[in-house]
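**Q** Below is one structure. I have some questions about it.
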Amino acid sequence: MADPRALPSVVLVTGTGTGVGKTVATAALAALVRGRGSSVAVVKPTQTGLAPREPGDVDDVARLVGADLPVHELLRLRDPLSPEAAARREGVDLPPVAVHARRVTEIAAGHDVTLVEGAGGLLVRLDARGGTLADLGTALRYKGVSTGVVLVASAGLGVLSTAALTAEALAARSLPLLGVVVGSWPGEPDLAETENLADLPRVTGAPLWGRIPAGSGALHPAAFAAGLPDWFDIA
């Protein structure tokens, strides 16, 4: 993994799909950045699938990293759907990606690194105009905010095509793919999962930063922090 001091101001955390471990990976990255003496904040532009007072993804990150971690959930929708679909069902007018970009820029100004956890994959729509996490990255770069992307991948069969497509979409937008993290690594990996560790860097053109053991999100914060050196290449 890159030294946090060399990371861009904003790191977008996207996935090869839903349920691949983005939130736990975001927590791990936040803890690693903090552990090297850099300040970090976490932003979730849109949280779906939860009632107003239920703990969300940013709360899970704060529980694993530390209650004093600055976390920001910009919008919440009830149904467990993409932001665009959930907003349509609730009759909510989603803010355009440009509004998210402005808010992220404001937050990033106060921290060395700001992690932005997306919803699902890179091209999931965040607004009714078709704006995506990729468009958020483009908007941030247009504002002069240094921005890169980390891809959280599933471990199993079928991930390579999605990972490669994500890398191509990023390259087409001149958004740098910094690294790949396997978000939920099984205790007994099968043949495809084992081979994917070597193939993910090849098909994406980005280094494999680490693999997080399945179930790590349920760990005590101290155990979570203690596991990081084994999960990530932080030499």
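Cβ coordinates come from backbone N, Cα and C, glycine included.
OK, TrEMBL features for this one:
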- K44: active site (ACT_SITE)
- 19-24, D57, 117-120, 183-184, 213-215: ATP binding site (BINDING)
- T23, D57, E117: Mg(2+) binding site (BINDING)
- T48: substrate binding site (BINDING)
**Q** Starting from the Cβ of G21 (ATP binding site), draw a 10 Å sphere and report how many other Cβ atoms land inside it.
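**A** G21 (ATP binding site): 24 neighbouring Cβ atoms within 10 Å.
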**Q** Among the binding-site residues listed here, G19, G118, which has the most company in the form of other Cβ atoms within 10 Å of its Cβ?
**A** G118
**Q** What is the Cβ neighbour count of G120 (ATP binding site) at a 10 Å cut-off, with all protein chains included?
**A** 20
**Q** Among all the protein chains here, how many other CB atoms are within 10 A of the CB of the residue listed as 'active site'?
**A** 26
**Q** Have a look at the recorded positions K44, T48, E117 and say which one has the shortest Cα distance to T23 (ATP binding site).
**A** E117
**Q** Just the number: how many Å between the Cα atoms of G118 (ATP binding site) and the residue listed as 'substrate binding site'?
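**A** Per the Cα atoms, G118 (ATP binding site) and the residue listed as 'substrate binding site' stand 11 Å apart.
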**Q** Find the shortest Cα-Cα separation between G21 (ATP binding site) and the recorded positions K44, T48, E117, and name the residue that gives it.
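**A** That would be E117, nearest by Cα distance.
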**Q** Could you give the Cα-Cα distance between S184 (ATP binding site) and the residue listed as 'active site', in whole Å?
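**A** Cα of S184 (ATP binding site) to Cα of the residue listed as 'active site' measures 20 Å after rounding.
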**Q** Between G120 (ATP binding site) and T48 (substrate binding site), find the distance joining the two CA atoms and give it rounded to the nearest Å.
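**A** The separation of the Cα atoms works out to 11 Å.
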**Q** From the binding-site residues G19, D57, E117, A214, pick the residue whose C-alpha lies nearest to the C-alpha of K44 (active site).
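**A** Nearest in space to K44 (active site), counting only the binding-site residues, is E117.
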**Q** I'm trying to understand the geometry here, so how far is the Cα atom of D57 (ATP binding site) from the Cα atom of E117 (Mg(2+) binding site), in Å to the nearest whole number?
**A** 9
**Q** So for D57 (ATP binding site), how many other CB atoms are inside 10 Å of its CB?
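**A** Neighbour count, Cβ to Cβ under the 10 Å cut-off: 22.
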